[in-house]
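Engineer: From TrEMBL, for reference:
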TRANSMEM  A:102-120  transmembrane segment
TRANSMEM  A:127-144  transmembrane segment
TRANSMEM  A:150-170  transmembrane segment
TRANSMEM  A:182-202  transmembrane segment
TRANSMEM  A:208-227  transmembrane segment
TRANSMEM  A:356-377  transmembrane segment
TRANSMEM  A:383-401  transmembrane segment
TRANSMEM  A:413-441  transmembrane segment
DOMAIN    A:469-592  domain 'STAS'
2 protein chains.
Amino acid sequence: MKVNSNRVENVSTHHNHVHACPETTIDAPPSTLEIHRVCLPPERSTPQKLKHRVLEIFFPDNPLHKFKNQTGLKKFLLALEFFFPVFQWAPSYRLCLLRSDLISGLTIASLAIPQGISYAKLANLPPIIGLYSSFVPPLVYSILGSSRHLAVGPVSIASLVMGTMLGEVISPVKEPTLYLKLAFTSTFFAGVFQASLGFLRLGFVIDFLSKATLIGFMAGAAVIVSLQQLKGLFGMVHFTNQMQIIPVLASVLKYKNEIGHLPKGLNPPSANMLYFHGSHLALSIKTGIISGILALTEGIAVGRTFATLNKYQVDGNKEMMAIGLMNMAGSCSSCYVTTGSFSRSAVNYNAGGQTAISNVVMATTMLVTLLFLTPLFYYTPNVILAAIIITAVIGLIDYEGALRLWKVDKLDFVACICSFVGVLFVSVPIGLAISVGISVFKILLHVTRPNTTILGNVPGTMIYQSLERYKQAERIPSFLILAVESPIYFANSAYLQERILRWVQDEEAWIKANNKSMLKYVILDMTAVTAIDPSGIELLVELKKMLERRSLQLVLTNPAGNVMEKLHQSNELESFGLQGLYLTVAEAVADISSTRKYQP
Amino acid sequence: MKVNSNRVENVSTHHNHVHACPETTIDAPPSTLEIHRVCLPPERSTPQKLKHRVLEIFFPDNPLHKFKNQTGLKKFLLALEFFFPVFQWAPSYRLCLLRSDLISGLTIASLAIPQGISYAKLANLPPIIGLYSSFVPPLVYSILGSSRHLAVGPVSIASLVMGTMLGEVISPVKEPTLYLKLAFTSTFFAGVFQASLGFLRLGFVIDFLSKATLIGFMAGAAVIVSLQQLKGLFGMVHFTNQMQIIPVLASVLKYKNEIGHLPKGLNPPSANMLYFHGSHLALSIKTGIISGILALTEGIAVGRTFATLNKYQVDGNKEMMAIGLMNMAGSCSSCYVTTGSFSRSAVNYNAGGQTAISNVVMATTMLVTLLFLTPLFYYTPNVILAAIIITAVIGLIDYEGALRLWKVDKLDFVACICSFVGVLFVSVPIGLAISVGISVFKILLHVTRPNTTILGNVPGTMIYQSLERYKQAERIPSFLILAVESPIYFANSAYLQERILRWVQDEEAWIKANNKSMLKYVILDMTAVTAIDPSGIELLVELKKMLERRSLQLVLTNPAGNVMEKLHQSNELESFGLQGLYLTVAEAVADISSTRKYQP
């Protein structure tokens, strides 16, 4: 048995020469009994591993790969492009693009004016703030941002969250100056938070707002806003005691202003209104973080969507820094939280916008408006603003998405409903927290109660698949082959021990009932066990002992690189030794069966 | 091409007859090109799936399997055995076992008396409470418990936690009665919490206290207690201002009592001392939950250890109910939190204890002690108690375990250190919370940043393995084969999209640099993708589109049952269709390559 003796040697030398994996392991001619050794991953020192891990966690996009092998000047230019994407596209900007950018810029400006006014109202802010917020932030974004289609300005969700959270504590009617101060301060903190996430490469934090959470959250928020706006739509302020249809309709039809006078002139500075002390600081920070993260989620998602449609890439972390810096700049120039708006970006894209120049065009239009045209908006009727808001937010109710969740994943649907109900009846942060909690719980549940499947051989092949799913798959006499479908952690090792022992008991009962040949080997297919921790290793060792007491042998197949490494580091690898570790289930079954023939 | 036409039919009928998986899929003779269809799991309705999921989550041990096909009387007897394990072993108890149980019972009683007194002091309680706690709870446990070797009574960790948490708010010296009331109330809540966890089958909650957390926690707790006890060891109470060695030593050598008078007689009832209202209720509940969960963790772990050594099983959830009920009973009979003690259980086992009768013997010894012998303990010197406590807790410092963590998993080691530092310098609940948080974060990190590996073919086989780990593995021209090593969730779908596209870019750059044949197919090996959610499905659809725009085809191999199911439910399965879905990488490569030959 050349193959086997070769394998013995390999296993016994595992400990000393684990990395000396030769080009060809087997010198026997290929046969059905060709057995391949399970290799350890290439040896790396702790700092090397740490570096690799940190790079994978924080720099999965390898942002510095362009800087390799470049001269000093080239590196400087690349760095400039890296920090200010405007240097990437501006030098190659051709005038023929200007026509498209001009048209799309004017189009989104025509949307941004009424939406700006409406969303500012949603945030309980003076309408002019909405116009200011469509001027400075788009200019900043056009220098720092990497998306070509994002239309920047106030958005409904962030406005709503800010209005709700600040409005719960401070009345915008009774203390308008304090309210305004807190709004700017929240915007500042939103910007700091967003920019820090990007700078610290923690962009994955927004990944924890799952689809389910967002669908539920937006629907809940939309219902709240619509209810609030009905007041405006029906002019309730003047008819609180008269609910009959005629006066209500009369009020609806009576075009009048409540907006009040819009001051002429550009954004006044507001850095002096930032508020870094006192009892409301915590509220500003909280509002900033929550409206900031929601604004970021929308902005990044919209940016990614249009980048995908146009085959370019946006860098999530860089976008976060751009959006964050734009909000920090905004908070010092009388703007509140802004981000990429989904609706206006879609319009921008459809109107043919090609580069961030459309944002510049929009900002210029806003400049002209602020300098000369604000008096025109004096007569914008409340009912139109309310209608704009309701139309905008009703579009946020994605009942089809919710139905799809119900169809595909019930627990996701529960998370969605919790988010909806929480936002509607409790508060925005609680609703979000519950929903994120459920989403995280779902991940943990999958880890805590992993699936184990019993495998069988598809006749005539080396394929081993679930007996339940593949009816043609057959049990191998004397073998119980189990696939563990999760990493093995402290959180599931006790469960897996119980579950695997139950599989063994059930199998033995089945064998007894059906008069089959006795169980002798338990094979754990470790392909899907992508990680292991000390408790997991203890489980394997413990399980091996327990099975040995029942005269059963435990065999592992195809352990992943880092699982092998940890078994090796904890000195448990050799206890599995020969015939305890194989590369594939097929090889394990073939080798063990053939060896058994020679042993009485 | 018989095989292929057969496959087309299979794929096209997927949608209507997904579960009609015939015994043999392929009627062509076996060849290297034999292609197997990817099956959906057997169809189950939502309630069936829910039932299966709930059973796997809450009843992994299938506790009712014995009740199947039994008569009414037998079922009643089984239920009796189920709820009172004493009925399982008592009828078959043989007198020959009594000798061993008597010896081991007396041995653990001789330990329980000084330990009970010491641990009660640790909890800032009158010493007699420690003796009471070694009388009632063991009796209750011997009726309800399923472990044969657990020695029940007060333990150091739970005593320490109770003493620290209550002592921070209430002084046991100034308000001894209130303190005692709160201790009994905490014990009651600990019992309620433990029993509820068992009853609601939520036993897996204790699995979240990882090895790392416990090592750090116990070491931190041990240091605190040792420092506190030095006072007792050196008689500091009388020498607080005299730190010279001679008076300290004199005090150490001066055998004297501080214990005070131990009342004769059995446990007085204490149900009237439970405290269900007022300002300290929250403190009692918090103390109860934390000392309860720690007591549970020790009790269950010890029970499992000795059950494994003796080839019997303890039922985690039933044990929780037993320990919980025993603490509820204890709180009404002047006992504080008790559980299975590791040290006394080990002594019990080594002294030959065979059944829970050894607990009964110990309780009887305690009865005699309480009735007649308490005056003897009047002269127990403080220094001896301090020495017992320090010896007990120093044993809790598992520095070897911590070293092993450092060797195997750096992040686990960090969790351990955080738990240690948190308990030592902040507080018990904060220390535990931080450590559990890190452990959970580690799981989430693994999910958020999953590993992706590039696979190659081991020449002459159907095996595809990591190119990095298996040097003999070879790239297949025109194919990029990637293994995704984690479920695909909302938390990682954005990352995976970026990462996979980077793999494609790197591969294309490598091909260009090495003048290899152009990339045409990207195969995702989904073996380790054991679950998917709506964001994950969106990623696959999105990725397919993005790759198509680069003239690359995306192929999935071996998707797990529930992944197939979700792709099917979201109507995305057919978009992969023919040549987009294979059972193994080898079949995908073989089939696509052979088809390509016939297509110009």
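Just so it is clear, glycine is given a Cβ too, placed from its N, Cα and C backbone atoms.
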Engineer: Which of A:150-170, A:208-227, A:356-377, A:413-441 has the most Cβ pairs closer than 8 Å to the transmembrane segment (A:127-144)?
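Structural biologist: It is A:356-377, which has the most Cβ pairs under 8 Å.
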Engineer: Between the transmembrane segment (A:413-441) and the stretches A:102-120, A:150-170, A:208-227, A:356-377, work out which stretch tops the count of Cβ pairs under 8 Å.
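Structural biologist: Stretch with the highest Cβ contact count: A:208-227.
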Engineer: Tell me whether the transmembrane segment (A:102-120) sits in contact with the transmembrane segment (A:208-227), defined here as at least 3 Cβ pairs under 8 Å among residues 6 or more apart in sequence.
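Structural biologist: No; fewer than 3 Cβ pairs under 8 Å.
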Engineer: Over the domain 'STAS' (A:469-592), what is the model's average pLDDT?
Structural biologist: 88
Engineer: List the helix, strand and coil residue totals of the domain 'STAS' (A:469-592) as derived from DSSP.
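Structural biologist: So the domain 'STAS' (A:469-592) is made up of 62 helix, 21 strand, 41 coil.
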